[in-house]
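Enquirer: Below is a structure I'd like to ask you about.
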Amino acid sequence: MLSIQQRMFGTLPSGQEVTLFTLNFRDQVIVSVMDFGATWTHFYGKGREGKLADVVLGFDDLEGYLQEDYQNNYCYIGSTVGRIAGRIKGNQFTLDGVTYSVPLNTGTIHLHGGMEGWDRKLWQSKVLEQSDLVAVEFYYRSPDGEEGYPGNLDVWVTYELNDKGELSIHYKATTDKKTIINPTNHAYFNLSGDFNETISDHIFKVDADAFLPIDAQGMPTGEILKVESTPFDFRKPTILKPQLESDHSQIGLVGGIDHSFVLNSSENSAELYHPTSGRRLIVHTVEPGLQVYTGNSLRSDFVGKKGVRYGKHAAICLETQHFPDAINQPSFDSVVLDVGEEFQSKTVFVITV
């Protein structure tokens, strides 16, 4: 019913070997992850006619993830992102009166953990097998001062596939000095299974009455606005194409959606549906926010799976997390982790028809 296999996926320039782990539920749901970046590389699910297809962007081998053009674009395909997902305004934050500076890695922005975030680290791994689940636990120690962040932070990310075919991603972290943490996974979904297609025909629903508007740099302004009468109203299933082509100023800023939604519930937080194949992805999360990114900046400079060059709107990211720049926005939920505390988070992905 459940199985897990592992194989060598490639070798880093340092000479370190990278391992790919494949979790399989009855050949109906198949998930592959690798220890480089604790990255989600493959996600196979069946469509209406029983056809199995991979529905997440990625590369056929490790070399794809090491391409210079890809790394310079900071696309984070399938990666575990941290310490902080999203942006930090002014490349600094203050904790207990001490101001910490973090590097700018995309123009004037500190994005997704910095120059060498968790997506570029080789994590330790451990296979877990029980009667009702198979899992891979990844571990990384982020040292004090890495990318400007305080504290030695011990982090565990576990991908778990259960006997219902549900994929859970668990996050856990502890620190020896007060710090900040807000991790997420940056998988790009296209439920058609054909990465030459865009996600324009996908139908999207998110249980959110409000969203966070952004400025010209993609930074949250600090406001929380109602989705009603905006192209961000996905409270009912809505086709993506008209929303992505809206003349709303917030859509125009980034050429699509790259915004956080304020979630109402941890159950059925979001749902993505592809009418032609019948595949449906349901997301449950304990996180307060969902950063929705419609691949607005994907470029065809690098070659993905099966030789496909990923272009604009080739996929959609559903990044469960606290709100971006929360450390500089007092009205947002805190991302501070103190000594003696344990950070925990969980998101569940269910692919079905």
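Including glycine, each Cβ sits where the backbone N, Cα and C put it.
TrEMBL annotations: computationally assigned, not manually curated.
This is the feature table in TrEMBL:
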ACT_SITE  H186  active site, proton donor
ACT_SITE  E319  active site, proton acceptor
BINDING   H186, A187, Y188, D258  beta-D-galactose binding site
Enquirer: Max Cα-Cα distance in Å among H186, A187, Y188, D258, the residues listed as binding beta-D-galactose?
Expert: 14
Enquirer: Among all the protein chains here, how many other CB atoms are within 10 A of the CB of Y188 (beta-D-galactose binding site)?
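Expert: I count 26 other Cβ atoms within 10 Å of it.
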Enquirer: Would you kindly give the Cα-Cα distance separating D258 (beta-D-galactose binding site) and E319 (active site, proton acceptor), rounded to the nearest Å?
Expert: 10
Enquirer: To test your reading of the beta-D-galactose site: which residues beyond H186, A187, Y188, D258, same chain only, put their Cβ within 8 Å of the Cβ centroid of those residues?
Expert: C75, Y76, I77, F189, Y293, G295, A315, I316, C317, L318, E319
Enquirer: Which chain-mates of A187 (beta-D-galactose binding site) that are at least 6 residues away have a CB under 8 A from its CB, listed by sequence?
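Expert: Set apart from A187 (beta-D-galactose binding site) by at least 6 residues yet with Cβ under 8 Å, we have W40, F43, V56, L57, I77, G78, C317, L318.
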Enquirer: Going by DSSP, give the three-state secondary structure for A187 (beta-D-galactose binding site).
Expert: coil
Enquirer: Return the residues near the residue listed as 'active site, proton donor' by Cβ distance under 8 Å, restricted to its own chain and a separation of at least 6 in sequence.
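Expert: Expected: Y76, I77, G78, S79, T80, V81, H112, D119, C317, E319.
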Enquirer: Counting only residues 6+ apart in the same chain, whose Cβ is under 8 Å from the Cβ of D258 (beta-D-galactose binding site)?
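Expert: The answer is I214, G218, Q291, V292, Y293, T294, N296.
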Enquirer: Counting every protein chain present, what is the number of Cβ atoms, excluding its own, within 10 Å of the Cβ of E319 (active site, proton acceptor)?
Expert: 24
